[in-house]
Amino acid sequence: MQLQVFILSMPMLCSALPSLYPAPAQESVGSSYWLDQGQREIRRVEHETIRSLLKSRAKHVVLFIGDGMGVSTVTAARILKGQLENSSGDEAQLSFERFQHTALAKTYNTDYQTADSAGTATAFLTGVKTRSGLLGVNGNAIRGNCSSLTDETRLTSFLRMAADEGRAVGIVSTTRLTHATPAAAYSHSVDRGWESDSSSTSDDRSRCPDIARQMLLNAADYKVILGGGRQNFLPEELKGKRKDGANLIREWQAKQGSLNCSRRAYIETRNQLLDLEPDKVDCVLGLLSSSHMEYHAENMMKQNLSERQPSLAEMTTKALELLTVYGKDTGLVLLVEAGRIDHGHHGNQANRALHETVALSDAVEAAVQLLKQKKLLDETLMIVTADHSHVFTMGHYGLRGQPITQLKYKRNATTGRLQLDKAGDDLPLTVLNYADGRGASKSRHDRWSINAPAEDTTKADYQFPAMMLKSGESHGGEDVPVFARGPGSHLVQGVHEQTHVAHVIMYSAHLGPYASSQRESFQPTVAPNIKSAIFVNAAYIFKLVSGFVGFV
């Protein structure tokens, strides 16, 4: 963590002594290293694929969402992670890049080519695509029109399905819990903006309650709920936003008695979270910030630990510590969102977005290690994906080891020394850029208003250059990656509709249309072929698996 703080606050030294991060010592420019590396990767992927096929039922499910985490964000964050560890970064891996199955998901909404987070969250949590701005309702609903919310337009998330079957369900997010992604896990709203009664324009509050109210109505039996957004649950006299005078936190506490949760816990701080013990509490609501939680990089720079909010890894770890106890017999389903990747990108603040992505990688690794320790990893389906991308790019032919968040260097053709690179307009370049946003110059005559090298591009709030001026940077419309491991992960391959994520989870965990009582009517034609292949190659599979018993 000290390395991370150092890199983020490092002064610009480009004009004095620019340097590159080193490539790994074991790497060579010859053939042997790359041939050996390629063969190791083939054996790893082959082994992991067989393991995923041998166990088809997922008792536990963990879905991680990197809000706004497109392919370019994954690549740049991977390099940042490596550079935080003092390597060139290109050869590094985020934890979820080691998952054995990868695919692409198409993110469009039914009415928009480039999606918003509400429509996409509905797609990957319910298995049904819908319009932009809608939560938990299908495309027959109309945004802002309460009367279009009917029994026919309501959708059910796989988290709700799991809770109805008695499984232990949880939500973790670094955004407000009423924000798009977590809200789609429990709400049915024709407008994602109706987070509290003060922001709702509904003319029928009984038919269309605000999203915070719906968390109490529809998710009070979720065992662990951790995130931000306290203001939407409290009345104005308690520094909240509610105009109806309701204290939904007290209502949640009162409701737990009827839900077989007498040992309830409501928390607001990191210390309270870390002190939770599964044998002393049966359900948890943590509203850990008034609005969104703090950006990871700034939060971790606080020297006084009591002032820090919990990290995404800490929230994920605690949620799993609790849920693995609550769902020991029935199974668990957990949704984890790294929601502020998106917010960093919207401000052209790539430093924030990339550190949030590295924090997501840390949370995934923490989850893997905890489940492995509890011997639950092989029966857990884990998926990491994004709701949409951003108009964020990485290019300009950076040298190997180019500091990913600094101004671009080049080698002097005569001396071989590093020096700042410049474009045709004699202004410096960065490796990271945006198509639009606040990082664009307000003048048509200047590409970029930077005063280099005095301006520090490594600052958390530095706005990277953009081509077109907008008040907020845009989402990207391209496909996003899907990474999967565990039972059912072999179904993640190729290019899918984003709804495929929900169907893989429901199928592997026997939920909804794939519930045990209905599975006989659903027989995939590929199943016999897979079984035959495994039978014919049983000796080979045994040899392969036994040779890699300790490999994960």
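Note that Cβ sites are derived from N, Cα and C of the backbone, with glycine treated the same way.
Taken from TrEMBL, the feature signal peptide covers 1-16.
Under the heading Mg(2+) binding site, TrEMBL lists ASP67, HIS179, THR181, GLU337. Sequence-distant neighbours of HIS179 (Mg(2+) binding site) (same chain, 6+ residues apart, CB-CB distance under 8 A): SER117, SER173, GLU195, GLY229, HIS292, GLY339.
If you look up TrEMBL, you'll see ASP67, ASP342, HIS346, ASP387, HIS388, HIS475 marked as Zn(2+) binding site. Taking all protein chains in view, 28 other C-beta atoms sit within 10 angstroms of the C-beta of ASP342 (Zn(2+) binding site).
What TrEMBL records for SER117 is active site, phosphoserine intermediate. The Cβ of SER117 (active site, phosphoserine intermediate) has 28 neighbouring Cβ atoms from other residues within 10 Å, across all protein chains displayed.
In this view, HIS475 (Zn(2+) binding site) is surrounded by 22 other Cβ atoms within 10 Å of its Cβ, with every protein chain counted.
Of the chain residues outside the Zn(2+) site list ASP67, ASP342, HIS346, ASP387, HIS388, HIS475, GLY68, ASP116, SER117, ILE341, HIS345, ALA386, SER389, HIS390 have their Cβ within 8 Å of the site's Cβ mean position. Checked against HIS346 (Zn(2+) binding site), the binding-site residues ASP67, THR181, GLU337 differ in C-alpha distance, with ASP67 being the nearest. Rounded to the nearest whole angstrom, the C-alpha distance between GLU337 (Mg(2+) binding site) and HIS388 (Zn(2+) binding site) is 13.
A distance of 6 Å separates the Cα atom of ASP387 (Zn(2+) binding site) from that of ASP67 (Mg(2+) binding site). Contacts of HIS388 (Zn(2+) binding site) defined by a Cβ separation under 8 A and a same-chain sequence distance of 6+ are given as GLY68, GLY70, THR107, THR114, ALA115, ASP116, SER117, THR120, HIS475, GLY476, GLY477, VAL480, in order along the sequence. Residue environment of THR181 (Mg(2+) binding site) contains 28 other Cβ atoms, counted within 10 Å of its Cβ in all protein chains.
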